[in-house]
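Heads up: the structure comes next, in structure tokens.
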Amino acid sequence: MEMLDATVITTALPEMAQSFGVRPADMSIGMSAYLLALAVFIPVSGWVADRYGPRRVFGGALALFTVASILCGLSQSLPQFTAARILQGLGGAMMVPVGRLAVLRVTPKQDLVKAIAIITWPGLAAPVIGPLVGGIVTTTLSWHWIFFLNVPLGLIALAANARLVRGSAGGRRPFDLPGFILTGVGCSMLMYAVDLCGKLDVEAGLVAGLMVLAVASLALAVRHLRRAPHPLVDLTPMRYRTFAVTMYGGSLFRIAIGSAPFLLPLMFQVGFGLSPVQAGSLMLALFAGNLAMKPATTWVMRRFGFRHVLVGNGLLVAIGFGLCATLTAGTPAWWTSALLFFCGMSRSMQYTALNTLGFADIPKPAMTGATTLFSACQQLNAGLGIAFGAVALRAAEWLTGHGQAAPQPLQFRVALLLSALLAAVAVLDSARLPANAGADISGHRKPARRGAA
């Protein structure tokens, strides 16, 4: 619900702007408010889950998100819609990390690969199918139904939560107010700066100032969290090499592939002259590749191990980006679809391997801090992926010397090559993993040498 809702409204913005009597560009405040609410409240989700228990918090977050969706659909003005989106962001900030925590706390090590594969899939699918779903719903019904469709989904999820999620007594850890302020300011300013990067009429000085404020706040937050007796976010998981790889090199990878749902539809529409429906239909091949790879992820990780998968498959992701840069308006649709299908398979494999490896060595008591850190990082990566795509396009404009109002096909090719380069650089961190990294959960064992006793 949360991941789909973040992307599904993009194609409905013009109709929503007309309904509210504002310019389409003004609608960005609704999306920004949602992202800022996520950035501020995700760090506090771990403390809330420990205090009140995952089932209670997850159920409350589902209810809040569902009610906020109704309010979004009933909004009559942009301020009303923005307020409802803030409520949605608050619900989403508690829903995703606490839901992941509820799953990982009760999942045995040997089943972690399967569990991560299942909960990773929505994050891969939502950016791809969200705009197409939004366009279909807006065209056939109205933009209001984009939000009303969350109601039955929310009710089903609430029933499942009451039946399946285990309750817990909760703890009495003091609330870390300085940590909340520092992380909230840092994450929100970073997300706001990232959001501005995708806009053409924003001064570079404003973005730079926000970035400086964000980095300074986050640096102070890290210093505080390391020294506080009861930190809002426990940084202990960063001591585990496998978790650190998913946070450092994994972030570079997520930023790289996060640029694809931004760059590819734009290239198909602006660069090649395709309609939104045609572009969305081509992007479904990426989604199909994600889906097709899921049944094989467990076998691949067991057969080759995490290090070989992350290095070898990471290079395949980079190659896929590079091949996308060769597409033209005259490329046959079947070849474009086949290439996107391949890209979908490789990105799905890499996502699942990274997300699973991150929790391979985390003990159960440290799982709350790990899921909070991971969720905050994942949300920032999603925004940075779009920003990287926008910045890559501007860099391509400078490199190619084209200053047209609309990006040209050559600029998209250069931007995709920059994404390929970033994906390749991300592989370097994984290459330093030990050969047996995550072997306890993948089941991978190095074959015995011939002649060994």
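Including glycine, each Cβ sits where the backbone N, Cα and C put it.
As annotated by TrEMBL, domain 'Major facilitator superfamily (MFS) profile' applies to 1-432.
Marked as transmembrane segment by TrEMBL: 31-50 (among others).
Non-local neighbours of the transmembrane segment (57-78) in the same chain are 1-2, 5, 20, 22, 26-27, 29-30, 45, 48-49, 84-85, 87-88, 90-95, 98-99, 102, 144-148, 150-151, 153-155, 157-158, 161-162, 165; each lies 6+ residues outside the stretch with a CB under 8 Å from one of its CB atoms. The transmembrane segment annotation in TrEMBL covers 57-78 (among others).
Annotation source TrEMBL lists transmembrane segment at 84-103 (among others).
What TrEMBL lists as transmembrane segment is 115-137 (among others).
The transmembrane segment annotation in TrEMBL covers 143-165 (among others).
According to TrEMBL, the feature transmembrane segment maps to 177-194 (among others). Here the transmembrane segment (177-194) has long-range neighbours at 32, 35-36, 38-44, 207, 210-211, 213-218, 220-221, 224-225, 228, 231-233, 376, 379-380, 383-384, 386-387, meaning same-chain residues at least 6 beyond its ends whose C-beta is under 8 angstroms from one of its own.
Within its own chain, the transmembrane segment (206-222) has Cβ neighbours under 8 Å at 179, 182-183, 185-187, 189-190, 192-193, 196-197, 235, counting only residues six or more beyond its boundaries. Among the features that TrEMBL reports, transmembrane segment is placed at 206-222 (among others).
Feature annotation from TrEMBL assigns transmembrane segment to 243-264 (among others).
The transmembrane segment annotation in TrEMBL covers 270-293 (among others).
Residues or ranges marked as transmembrane segment in TrEMBL: 314-335 (among others). Below 8 angstroms of C-beta separation, residues 253, 256-257, 260, 264, 267, 271-273, 282, 342-343, 346-347, 350, 409, 412-414, 416-417, 419-421, 423-424, 426-427, 430 of the same chain, each at least six residues beyond the ends of the transmembrane segment (314-335), sit close to that stretch.
Ranked by Cβ pairs under 8 Å to the transmembrane segment (270-293), the stretches 31-50, 84-103, 243-264 are led by 243-264.
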